[in-house]
Amino acid sequence: MYQIVRLGKKALRPTLNSDLNIFCQHISTKYPDTVRNDSRMLSTSQRLSVEVRLQSDVDKAYNVLELDPNCDLVKVREKYVDLVKKYRKDKSLDTKKFTQVQEAYKYILESRRSEMIVEDSKVKDKDNNKKDRDEWREAVEQEYRLQKLALQSDTDIIRQDRRLSNRSTNMSSGCIERMVEDMVQQSMRNGDFDNLIGSGKPIDYDNRNPLVDTSTYNLNKILINNGFTPEWITLHAEIRRDIALARQKTAVLQYKIMKDNIGHCLWEKQVEEFSKNIREINRLVEKYNNDVPFLEKQLAPFRPERELEKTIEKLENYLPEDSAERDKLYEMYFVPSQPKHYTQYDDVNLHWRDVWKDIKSFF
């Protein structure tokens, strides 16, 4: 194996191309007769031979450790530790093998010292970066604490100002209340509140909507007290009565068709009459919506198709519970009445309403 030349305490690294000039300079100073005294130190062929020779020594060192030359330093170190443990435990093996392992490991480290320097620099850079991060974090935390203290001081000042303003407001309102109380007491002593209307009687509390016009409310109140009803209330009652009657009449006919299978010929006529009644009811709804003073009391117009479908779906809701009453309603609505013949009697009063009804039934 190639012998490492030492200069004082520093060991030369002849395997590195960067240190080849230092090696050549050392050879020229120690053996001046073998090297020309010029600036180049060694010829190109001599330099190449030295490099090949050094590279072969590095390969031999890797062969001793049974490693690939491209492996990293961690694997080299692990392999060296394993071989040292192996040769130390086995006393029968030759000591030269143990020495070769040590020399090979040292030689590889010398040849790859540049990588070790780079790793050391990375570790140092990492430590420096960590230190910089710690300093930056400390500076940010310090700035945050200062901002928090400043905000807290501003908040304390605002609270103090608000407290002082509330105190001054309470003091002023207290002064006004005391002054008003003194004036009321003085007026009571002077008798200004004697003989008032409603004195000694309970207060007439009227629960009314404050959004309603006062004149409209008072006018409606006067009409109610005198037995009159506003027109929109009468219209609302008339709408409810007419829609209930139209639904009941349609429901009675549908019930009779489903039960006794009669009245099919009257169904189309009843549908037309039902639609006509709904249109008349919608005219009343329009008039009611114009007169009603409350927006939430207004009604939506009725649709004939929707009301007819609703009546058929909920048939029982629009019919009496007694079946006899249902038959009676069917006869009243859809069975024509028989004409009555009157005989002249002196003691019998003639009802002209029935007379005109009988005349109408003939035509």
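Just so it is clear, glycine is given a Cβ too, placed from its N, Cα and C backbone atoms.
Caution: TrEMBL annotation is automatic and unverified by curators.
Proximity of distant same-chain residues to the coiled coil (271-298), defined by a Cβ-Cβ separation under 8 Å and at least 6 residues beyond the stretch ends, is recorded for 209, 212-213, 216, 230-232, 235-236, 238-239, 242-243, 245-246, 249-250, 304, 307-308. What TrEMBL lists as coiled coil is 271-298.
Among the features that TrEMBL reports, domain 'J' is placed at 60-137.
Here the coiled coil (271-298) has a mean pLDDT of 91 out of 100.
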